[in-house]
Amino acid sequence: MALTAHPSCLLALLVAGLAQGIRGPLRAQDLGPQPLELKEAFKLFQIQFNRSYLSPEEHAHRLDIFAHNLAQAQRLQEEDLGTAEFGVTPFSDLTEEEFGQLYGYRRAAGGVPSMGREIRSEEPEESVPFSCDWRKVASAISPIKDQKNCNCCWAMAAAGNIETLWRISFWDFVDVSVQELLDCGRCGDGCHGGFVWDAFITVLNNSGLASEKDYPFQGKVRAHRCHPKKYQKVAWIQDFIMLQNNEHRIAQYLATYGPITVTINMKPLQLYRKGVIKATPTTCDPQLVDHSVLLVGFGSVKSEEGIWAETVSSQSQPQPPHPTPYWILKNSWGAQWGEKGYFRLHRGSNTCGITKFPLTARVQKPDMKPRVSCPP
């Protein structure tokens, strides 16, 4: 009986071999003795992610981009300070500019609306649990969604926030309509991007949201198709607030009340596969945030190598490595991307601007707490 391997496994092996020789800008014709390996890796990429191209010229163009992105993944691997792994992803045949146009949004956030803010600066800092993962509460987090070519991460993050709060607060397992947020948005730009508060304003204006079942996602804005009173509302919000730009406070709130939305710089995500991203402000500017996601937990991981780092002095004893603290984030690019649709960012260094817009809806009175505690 012949042995077979899944395309993703073969692709990983081929890419690992190619990466050993990649150190600079790369095109298909620059590979010298390696063109067959590159072409085979690209063929497996097409099979795994169901890619086809309209002409030989387009195929050659995408092959060049694929080769360039292999080199870029290698550079990211060398620059990252965490445990992240970069390589072939569903977006490996896109240029950085194309990826940004499809999934990022660079609108200046000067129009931040007036909203409530969490004011706790005079209170002593409370302890934060070692870890918190709302995914471990049965059905608390709705399934991973795929925004496809509609740049609506802002709407999907807001919908995920509302769904989760209803699930952990009231045991009401609803999936709310992202399409209603797109069709009825009065502040956002639909599939051209927006901010999470745009979605929350629409929810307040519409007195709630219909279900995903009644008002399903179409992947595009439908002009003159906003019918906020046509379908029964299954979830609504009291208001929304901006949390303090402090990772300790964000962790406290997350563990106590549930997942929140954050808006980050998505630059390292195009070629991300798994692990904890720890980028520097130079490689991932915390001021240039362009992608909204749902923050669902936090924890720590030991050094992947599992070895003790030697100190500068040869006479000193080796010291155990410090654990790497991380945030767990739910993305909206489908379950084939990242860690089954999730990813992790370093916690404690404002990686990729995670503290810039920590925003959440509220679906209950401020003095009430959810009926469920966040499991470690």
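Start at 1 and count along the chain as shown; that gives each residue its number.
Every residue gets a Cβ built from N, Cα and C, even glycine.
Residues annotated as signal peptide in Swiss-Prot: 1-21.
DSSP assigns ASN50 (N-linked glycosylation site) to coil in the three-state reduction, outside any helix or strand. Sequence annotations record features per position, and here Swiss-Prot assigns N-linked glycosylation site to ASN50 (among others).
Every protein chain considered, the tally of other Cβ atoms within 10 Å of the Cβ of CYS150 (disulfide bond) stands at 24. According to DSSP, CYS150 (disulfide bond) sits in a coil region rather than a helix or strand. Sequence annotations record features per position, and here Swiss-Prot assigns disulfide bond to CYS150-CYS191 (among others) based on similarity to another entry.
Taken from Swiss-Prot, the feature active site applies to CYS153 (among others). Around the Cβ of CYS153 (active site), the same chain contributes TYR103, TYR105, GLN147, GLY193, HIS291, SER292, VAL293, SER332, each under 8 angstroms and 6 or more positions distant in sequence.
Look at Swiss-Prot and you will find CYS184-CYS226 (among others) tagged as disulfide bond, backed by similarity to another entry. A coil conformation is recorded for CYS226 (disulfide bond) in the three-state DSSP classification, outside any helix or strand.
The feature N-linked glycosylation site is assigned by Swiss-Prot to ASN205 (among others). Within the same chain, the residues at least 6 positions away from ASN205 (N-linked glycosylation site) whose Cβ sits under 8 Å from its Cβ are CYS184, ARG186, PRO228, listed in sequence order.
Under DSSP, CYS352 (disulfide bond) is assigned to a helix (H, G or I) in the three-state scheme. Sequence-distant contacts of CYS352 (disulfide bond), defined as residues of its own chain at least six apart whose C-beta falls under 8 angstroms from its C-beta, comprise ILE264, ASN265, MET266, LYS267, PRO268, ILE277, ALA279, CYS284, PRO286, VAL289, LEU345. Taken from Swiss-Prot, the feature disulfide bond covers CYS284-CYS352 (among others).
Under the three-state DSSP scheme, HIS291 (active site) falls in the strand class. There are 26 other Cβ atoms within 10 Å of the Cβ belonging to HIS291 (active site). According to Swiss-Prot, the feature active site maps to HIS291 (among others).
Swiss-Prot lists ASN331 (among others) with the feature active site, giving similarity to another entry as the kind of evidence. Sequence-distant neighbours of ASN331 (active site) (same chain, 6+ residues apart, CB-CB distance under 8 A): ILE144, LEU269, VAL293, TRP337, GLY338, GLY341, TYR342, PHE343.
In this structure, the C-alpha atom of CYS150 (disulfide bond) lies 19 angstrom from that of ASN50 (N-linked glycosylation site). For the pair CYS191 (disulfide bond) and ASN50 (N-linked glycosylation site), the C-alpha distance works out to 23 angstrom.
With respect to their backbone Cα atoms, ASN50 (N-linked glycosylation site) and CYS226 (disulfide bond) stand 33 Å from each other. In sequence order, GLU180, ASP183, CYS184 are the residues of the chain that are 6 or more apart from CYS226 (disulfide bond) and have a CB within less than 8 Å of its CB.
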